[in-house]
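Engineer: First the structure, which I've put down as structure tokens, then a few questions once you've had a look.
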Amino acid sequence: MSWQAYVDDHLMCDIEGHEDHRLTAAAIVGHDGSVWAQSATFPQFKPEEMNGIMTDFNEPGHLAPTGLHLGGTKYMVIQGEAGAVIRGKKGSGGITIKKTGQALVFGIYEEPVTPGQCNMVVERLGDYLVEQGM
């Protein structure tokens, strides 16, 4: 399966039990910041934004004072899982990022999608990739 198929079929899909509820944007990005696959709506990000995200995975709490920035959008960092998941909130939407051995799985959402639904979609694919050694 191509990386693009993972984004299209497992991240940008209808959320279980809620037709027409899906993430706003999603991507799989290597730890080096190279995009493996992304939705058409995923924001163009700056290298320093990706560096900040990677630093937060290695030093949990790094982004808390400044917020998480992606594509020029600032998210308030909320409770995640140290070294494994970063979650952010902005207005009625937010972001979930799951770290795997080689990649970061991104999901961005707006209402009516809930934070829990975004977490489920992103973390399910991330956990699968971890199990596959990715």
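Here the Cβ of each residue, glycine as well, is placed from N, Cα and C on the backbone.
Just lifted these from Swiss-Prot, have a look:
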DISULFID  Cys13-Cys118  disulfide bond
MOD_RES   Thr114  phosphothreonine
MOTIF     84-100  motif 'Involved in PIP2 interaction'
Engineer: Taking every protein chain shown into account, which of the disulfide-bonded residues Cys13, Cys118 has the largest tally of Cβ atoms within 10 Å of its Cβ?
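Structural biologist: Neighbour-count leader: Cys118.
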Engineer: Provide the three-state DSSP residue tally for the motif 'Involved in PIP2 interaction' (84-100): helix first, then strand, then coil.
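Structural biologist: Taking the motif 'Involved in PIP2 interaction' (84-100) as a whole: 0 helix, 13 strand, 4 coil.
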Engineer: Tell me the Cβ neighbour count for Thr114 (phosphothreonine), meaning other Cβ atoms within 10 Å of its Cβ, over all protein chains shown.
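Structural biologist: So the number of other Cβ atoms within 10 Å of Thr114 (phosphothreonine) is 14.
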Engineer: Between Thr114 (phosphothreonine) and Cys13 (disulfide bond), find the distance joining the two CA atoms and give it rounded to the nearest Å.
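Structural biologist: On Cα coordinates alone, these residues lie 15 Å apart.
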